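Taken from TrEMBL as is:
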ACT_SITE  Asp244  active site, proton donor
BINDING   Arg53, Gly54, Ala55, Arg96, Gln203, Asn254, Lys255  substrate binding site
SITE      Cys164  site 'Transition state stabilizer'
Amino acid sequence: MDLGFPVPHPQSVIWRDDGLVLLDQRRLPTETVYLTLKTPEEVWTAIRDLAVRGAPAIGIAAAYGLYLGVRHVPEDDEAAFWRELDRVAAFLATARPTAVNLFWALDRMRKRAEAERGKPLAAVKVALLDEARALQREDAAVCRRIGEHLLTLLADGMGILTHCNAGGLATAAYGTALAPLYLAKERGWRLRVFADETRPVLQGARLTTYELQQAGIDVTLICDNMAGWVMKQGWVQAVIVGTDRVAANGDVANKIGTYSLAVLAKAHNIPFYVAAPTSSIDLATPTGADIPIEERPAHEVTEGFGRRTAPEGVQVYNPAFDVTPAELVTAIVTEHGIVRPPYPEALMRVVTESGG
Ligand code: MRU
């Protein structure tokens, strides 16, 4: 898809007439494998098993998944079509619980279908595909704008620490937290990036270093437990992370380990920025305590490196996300600008202005 500007990294979600093509992120960085999905069940599994991951990319994949679910419904049975649309949307919404972009994207698709109600079903189907594509195109533009706003908080020569992968692979293009790094590169700045490994699924080690290295950006991989020491050396001037959901009070859910980083950043007097498209801001969720936190299988922790690293039968706690309290967040950077505390009013304003 032409996104309107060159994309400096591999694209993770591609629509083709024969189905939804996903770059299988579980296999990176050692293997480049594309999956072609033709059913919503396959899309659900790809989301659940992390073949596609990252909040915006999950939403985009689900939008195409919904289209896949209704595209072959006979066009002479109105009732069956709308029943199937409801059923597939409800089903896809169960793939993962934390990233609000999944529900946001499905909701947007349903609203588009509703707006077309009364037209021939063939036209409603065309509109649904059109909406999924629009969602993807808009996400790329949103990420670039987030990058531009974040860049105003940075300066040439800085050290940036990031966690997980909130990059191009997690979005339509550029990423959210990584977008300013691509824009800085375009402008000839030299930023030094530290990528947290991000146990247990290693999104930082496998994905962030991969995409930044391909783009020729200076990136250094560290284990998660090295972040404090790297900060202590004076090598980090800003922490930038993405988010799966921002609550109405400014609490931020993101990959497990983000909260610890925010505490470390505060201890070292380093600004802690959250890159958040407005599609990740959920005013219906009052505080971080109300955000459902996904727990994932134990084997991610006990066999994360392709071999057992813990005794059989050991108890494991494996939350995929944590919540960083709003008071540890220096600013939330959206496509509409930089949001600073007090967050409840500022988030309300930015979402209302964006028409959300
Ligand atoms: O479990 P994942 O890999 O989907 O978690 C991803 C993150 O936590 C990202 O930081 C977040 O989704 C933002 S992606 C722009």
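Here the Cβ of each residue, glycine as well, is placed from N, Cα and C on the backbone.
Arg53 (substrate binding site) is 11 Å away from Asp244 (active site, proton donor) when you measure Cα to Cα.
Only Gly54, Ala55, Cys164, Asp244 of the recorded positions listed as Gly54, Ala55, Arg96, Cys164, Asp244 bring a Cβ under 6 Å of any atom of ligand 1; the order follows the sequence. Excluding the listed site residues Arg53, Gly54, Ala55, Arg96, Gln203, Asn254, Lys255, the same chain places Ile58, Ala99, Cys164, Asn165, Ala166, Ala170, Gly242, Asp244, Ala320, Phe321 with Cβ atoms within 8 Å of the centre of the substrate site Cβ atoms. Sequence-distant neighbours of Arg53 (substrate binding site) (same chain, 6+ residues apart, CB-CB distance under 8 A): Gln25, Ile47, Asn165, Ala170, Gln203.
On a Cα basis, Cys164 (site 'Transition state stabilizer') lies 9 Å away from Asn254 (substrate binding site).
Between the C-alpha atoms of Ala55 (substrate binding site) and Cys164 (site 'Transition state stabilizer'), the distance comes to 12 Å. Annotation: Lys255 carries the greatest number of neighbouring Cβ atoms among the binding-site residues Arg96, Lys255 [cut-off 10 Å, Cβ to Cβ]. Cβ contacts within 10 Å of Asp244 (active site, proton donor), excluding its own Cβ and spanning all protein chains shown: 31. The CA atom of Cys164 (site 'Transition state stabilizer') is located 6 Å away from the CA atom of Lys255 (substrate binding site).
Counted over every protein chain shown, other Cβ atoms within 10 Å are most numerous around Asn254 among the binding-site residues Gln203, Asn254. Across Arg53, Gly54, Ala55, Arg96, Gln203, Asn254, Lys255, which the record gives as binding substrate, the greatest C-alpha separation is 17 Å. Note on Cys164 (site 'Transition state stabilizer'): other Cβ atoms within 10 Å of its Cβ, all shown chains, come to 28.
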